[in-house]
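Undergrad: Sharing the record's features from TrEMBL:
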type	residues	note
DOMAIN	137-177	domain 'PAS'
DOMAIN	341-674	domain 'PDEase'
ACT_SITE	H417	active site, proton donor
BINDING	H417, N418, S419, T420, H421, D458, D580, Q632	AMP binding site
BINDING	H421, H457, D458, D580	Zn(2+) 1 binding site
BINDING	D458	Zn(2+) 2 binding site
Amino acid sequence: MRLTQDPIQVLLIFAKEDNQSDGFWWACDRAGYKCSIARTPESALECFLDKQQEIIVIDHRNSRYFDGEDMCRSIRATKPSEHTVILAVVPRMYVLLCFRFMENSSITACYNELIQIEHGEVRSQFKLRACNAVFTALDHCQEAIEITSEDHVVQYVNSAFERMMGYHKGELIGKELTEIPKSVKNCADLSDTINAFIKKGKEWQGVYYTNRKSGDSIQQHVRITPVIGQGGKIRHFVSLKRLRCTNENNKQVLFCFVFTESHSFKCKNRRKDSVDVKSITSQSSDAPSLQTRRNSSMARIHSMTIEAPITKDGLRRLSGNEYMFSKNMNLSHSHLSVPNTINDVPPCIAQLLDNEESWDFNIFELEAVTNKRPLVYLGLKVFGRFGVSEFLNCSEATLRAWLQVIEANYHSSNSYHNSTHAADVLHATAFFLGKERVKGSLDHLDEVAALIAATVHDVDHPGRTNSFLCNAGSELAVLYNDTAVLESHHTALAFQLTAKDSKCNIFKNIDRNHYRTLRQAIIDMVLATEMTKHFEHVNKFVNSINKPMSEGSDCERTANIKNFPDNQTLIKRMMIKCADVANPCRPLELCIEWAGRISEEYFAQTDEEKRQGLPVVMPVFDRNTCSIPKSQISFIDYFITDMFDAWDAFAHLPVLMQHLANNYKHWKTLDELKCKSLRLPSENNN
């Protein structure tokens, strides 16, 4: 192993001291192992659970004091024993080769012995061989990689790290990170922020300054991933680092893009889990120019350090067909350089956000070009357009900090319920607020509440449904009495995060009455996304809004809505409900991407339910048998059609309804052809 290892711990379980126990004790002393001795099964189990030794030696020569096999079973029944080697001391007459096997001609007994050896020593040797391959791959990886212990002691660095930092690995391994010189360019509390994040087992990514051995300060894009090990504790931290480009260098490492005549992003051989880069000179002759126009609300977006983790791209298995997660996020567009000042926004992001008012806006392109942090960028643009900062009387810096905190608390590991989904719902909500009849029916406070509700509506979503949490007896389900568990948690956490730090408290400057009204509206809208009351909300909207619309003029109808706050509440509920499940009304390629993501999340839940022996809430979402087209058809028929018919009758949304018809036809075609995946196999191969 190339990783340095802490001293081995050994537990001796001997009922009484004798020459054999003394032999092991002194052998441990000679080898530098930490040794403990237990005299009874109870004390032995207590000692093991406390220290989790790597090797246990059990005296099995005499059963008068305790049964060695029972002792072994008790230890194996604990979770920390997964990687523990147990050795039984038996009388000399029984020792044959490496293992003891009592004579038994039973095929079952022979089979069990072979299986035990396979899953023990053989598997351990296999893991050792695999480790050599893994470390060879790490040494040839282009990203700088650093592995530390849970105490932040450096245990491994690869060759790329040595080249980047100018150190030899022998100068770093065994040292604490605090012993390595740090750059003074980082914010004073950045280290505390990172530690607070990763100690919770969450991945952190962002920009960090560090010093080379020569003393030069460099800017890196860093991703730190906690590794959960024995006993469910964090045992290591893996850091991936790459240089972040600066305009001081004659040669820069820039994100590589190609701008097409149609101004749309096309898929082009994107490398998974890292950004494709290209070395060019500062004056690139073949780089097409982009418009430099910026919206004032976007002025300071790119200067911030984002602490939200980013998800790994990967291959998802869907119903026997290979589905590439986020395959339409591949980018090949004009050069995205790091801005020199806080007033300089990358052209590719500004170019994308110029189109954010369109329903066909591609959120996945924004997800890719912002390194999986679309909510902050889109949020600043949309909130600026609707005058949210002015209404709340807060600075743009406070709003930006709030968006960062909210996005950091979305789980990037979720294939669907992540910050990209939140950004998508925010975009849909803003689009609906721009429709004439919606705009005329709501006040400015309603608009602000709707945008905030859309932003936070799934914060800290665990990627599992309410039913799963209730069946599993989760702490949240107990806290909220099995009622609207997630929706209650999303709103409560959002307000907790907001009030926790004045730097991100967007409500700190509004008066109490405005705050209470705004808070109640936000809570009501988020709770409306809970699907058990879906038909109740839709029916109330139809009966209280749609039906009266057939009587009187537009002015009278709008006045009637504004004069009755309950009607405004129904509109806001309907609006966020439609925004939350608008995927079937998006352009076909976006619809397919969302269908793949939600299916994968449901597949993962079904897998976990089976592993834990819980009731399977959605049996149709078994990755081995599920027909995605059928599931989409059922969802559209059961939930979407009637709701969007009613919403279209009020807000007038012909583009959405056309997309819905086209997408429904796509799923029906696949179903009629007995295809269970997102596309026909011939399309998957293209």
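Indices start at 1 and increase along the chain as displayed.
Note: Cβ is positioned from N, Cα and C throughout, glycine not excepted.
Bear in mind that TrEMBL entries carry predicted annotations, made automatically and left uncurated.
Give me the structural setting of these features: burial, nearby parts and distances.
TA: Mean per-residue pLDDT, taken over the domain 'PAS' (137-177), amounts to 88.
Close to H417 (active site, proton donor) in the fold, though at least 6 residues off in sequence, lie Y410, H411, D458, H461, G463, E601, each with a CB less than 8 Å from its CB. DSSP assigns H417 (active site, proton donor) to coil, not to a helix or a strand.
For N418 (AMP binding site), the Cβ neighbour count at a 10 Å cut-off comes to 27, with all displayed protein chains included.
The Cβ of D458 (AMP binding site) has 24 neighbouring Cβ atoms from other residues within 10 Å, across all protein chains displayed. In the three-state DSSP scheme, D458 (AMP binding site) is classed as coil.
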Undergrad: What residues elsewhere in the chain lie close to the domain 'PAS' (137-177), defined as a C-beta under 8 angstroms and at least 6 residues from its ends?
TA: 2-4, 6, 210, 212-214, 218, 220, 233-243, 274
Undergrad: Tell me the Cβ contacts of Q632 (AMP binding site) under 8 Å, same chain only and six or more apart in sequence, or just say none.
TA: P584, A595, N663, W667
Undergrad: Would you identify which of the binding-site residues H421, H457 has the most other C-beta atoms lying within 10 angstroms of its C-beta?
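TA: Sorting the candidates by Cβ neighbours within 10 Å, the top entry is H457.
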Undergrad: With DSSP helix as H/G/I and strand as E/B, how many residues of the domain 'PAS' (137-177) fall in helix, strand and coil?
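TA: Secondary-structure composition of the domain 'PAS' (137-177): 15 helix, 12 strand, 14 coil.
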Undergrad: Within the same chain, and leaving aside H421, H457, D458, D580, name every residue whose CB is within 8 angstroms of the centroid of the CB atoms belonging to the recorded Zn(2+) 1 site, in sequence order.
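TA: Result: H417, A422, V425, A454, H461, T529.
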Undergrad: Taking only same-chain residues 6+ apart in sequence, whose CB is under 8 Å from that of T420 (AMP binding site), what do you get?
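TA: In sequence order, the residues whose Cβ lies under 8 Å from that of T420 (AMP binding site) (at least 6 apart) are I363, F364, E367, K372, P374, L375.
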